[in-house]
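J.: Please find one structure pasted underneath; my questions will follow.
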Amino acid sequence: MLRKIPSFCHSRLLQHMGTISFSLSLHSPYYTGNTERHNSNRTHFINSMRNQCKSGKVKNLNEALDLFHSLAAMNPLPSVVDFTLLLVVIVRMRHYTTAISLVKHMYSCLGVKVDTFTLNIVINCLCRLKATPFGFSVLGMMFKLGLEPSVVTLTILVNGLCVQGDVDKALGLVEHMEMMGYHSDVHTYGALINGLCKNGDTFTAIEWLRKVEERNWMPNVVVYSTIMDSLCKDGLVSEALDLCSEMRSKGIRPNLITYTCLIQGLCNIRRWKEAGSLLDDMMKTGTMPDLQTLNILVDAFCKEGKVMEAKSVIGFMILMGEGPDVFTFNSLIDRYCLQKQMKGAMRVFSLMVSRGCFPDIVTYTSLIHGWCRIKNINKAMNLLEKMVNMGFTPDVVTWTTLIGGFCQVGRPLAAKELFFSMHKYGQVPNLQTCAIILDGLCKCQLLSEAISLFEAMEKSNLHLNVVIYSILLDGMCSAGKISVAWEFFSSLPSKGLQINVNTYTIMIKGFCKQGLLDEAEDLLRSMEENGCQPDGCTYNVFVQGLLIKKETARSMKYLKVMTNKGFSVDASTTEMIINYLSSNEGDTAFREFLLPKR
């Protein structure tokens, strides 16, 4: 039965992972012929090796392999414990495949009998290499060898399943192993809770936290912080703060990660004062914020347009010696670009470079977006060229930004050329890219170009949604191609698309523009019958069509319908009613509608 391990390792593990090779000398350098001196040298070396491993003095793989070489050359061989101690160091260096190969060599070549701890190392390496199924094969081998899996074995496998997204299997494994008499511990449950949170199942994670407490285990700050972070990401910040208070009441102090996730959650829902208070509380307890925590504040302030507050946080960073990084500068640059303050954005860019902080693709894309917003397409293209010369490959966001920029300045054909150039850089247009280029072509009255491009998109692997179809439908209606538009509209259900209120409104507007009010009214009725309720925009569009044709009675009818449903009359409709009244063609009903009784 023991012979199965080298066969298993060689044919399955190492074939999957790859192997390393190194030479082992046949004779120990510590053997001199004098037995007493030999034993002394041997003991000294083993003690030295143990100290180096425990103190972290083994810095790289070559040093670790040299030590393994020396252990393997000893006669008699050291115990499996000493080999395992060295393996732990190698695993910490993340050389997982090497560790697996060394375990195989220990058994098949050196004859060292592996134990549960050694095989746990193999399972851990396999799970970290995202080969958890092979880890279960090693678990099966443990049983065959008569070795008892430990709680560590179970925890490693649970964590491996959770990392690869098989949380249900992890839950099943824990329940099955406990039924077989293998006990879990707080670390096993912690791995499950982490997996559940990563999977977005926060409430089940809380249920498992309560199970931990029922067993009188003490969850650590990591477990609590994981759940708090998940609650914050779900927008349940108050619940996360309550859990933090509960954790504190049990004598567990929040750490940097706890504070950071709570501050992020508070910033996301714009509870600035509480975020500031939490930062003060954090520092009073002796936990200093790191760059990530401060960057959260900078980014949140920038997104809210609070540039001065963001600059204050950056000043605090510098005082702390943290120094702003590329993320910090990108937040500021993006804010300036959104506000069309390109001088400010370029000043930050220059400061960034002068401080030795190299811009990344996000930096360049934000600046390109800023120049496009103020319709300076030449500056945007110059930045694209500079970006490419710096070795960055423009991504789909960069291309989409530029395509939108060309459309804004009335150069949709140049935008189309860029659209087809994306593949040269290995980029595939996304739905936003498609929407922007089609919208640009339609608004510049290049409907035939838009239809041609749309047909090319349909033939590609792009999964076009109803938004893309609605853009082209709007282009057809705007161009007066109402028959083509209606045929196109009617074909949407056969393409598996759910027609939404926006698409209906576009078609109703198209009918109204052509004076086909009966068709528009029929479509308005049918959309309700099909379970798609008209919104305020739909009613305003239809009423405007009625007013243009001086359909007073029908206009009043639908004005009352929309107001009864809680929709307001928009500015365009109001202006049309006022113009209608000023032409002396309006009746008292319109006056009463616009001027409510006192």
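From the backbone N, Cα and C atoms, a Cβ is placed for every residue, glycine too.
Automatic, uncurated: that is what TrEMBL annotation is.
Pasting the feature list from TrEMBL:
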- 115-149: repeat 'PPR' (REPEAT)
- 150-184: repeat 'PPR' (REPEAT)
- 185-219: repeat 'PPR' (REPEAT)
- 220-254: repeat 'PPR' (REPEAT)
- 255-289: repeat 'PPR' (REPEAT)
- 290-324: repeat 'PPR' (REPEAT)
- 325-359: repeat 'PPR' (REPEAT)
- 360-394: repeat 'PPR' (REPEAT)
- 395-429: repeat 'PPR' (REPEAT)
- 430-464: repeat 'PPR' (REPEAT)
- 465-499: repeat 'PPR' (REPEAT)
- 500-534: repeat 'PPR' (REPEAT)
J.: Pop the mean pLDDT for the repeat 'PPR' (430-464) in here, whole number is fine.
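T.: Averaging the confidence scores along the repeat 'PPR' (430-464) gives 90.
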J.: Can you tell me how the residues of the repeat 'PPR' (430-464) break down into helix, strand and coil by DSSP?
T.: 26 helix, 0 strand, 9 coil
J.: Restricting to the same chain and to residues at least six past its boundaries, which positions have a Cβ under 8 Å from a Cβ of the repeat 'PPR' (465-499)?
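T.: Distant contacts of the repeat 'PPR' (465-499): 431, 434-435, 438-439, 441-443, 445, 447, 450-451, 454, 457, 506-507, 509-511, 513-514, 516, 527, 530, 532.
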J.: What does DSSP give as the helix, strand and coil breakdown of the repeat 'PPR' (255-289)?
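T.: The counts are 26 helix, 0 strand, 9 coil.
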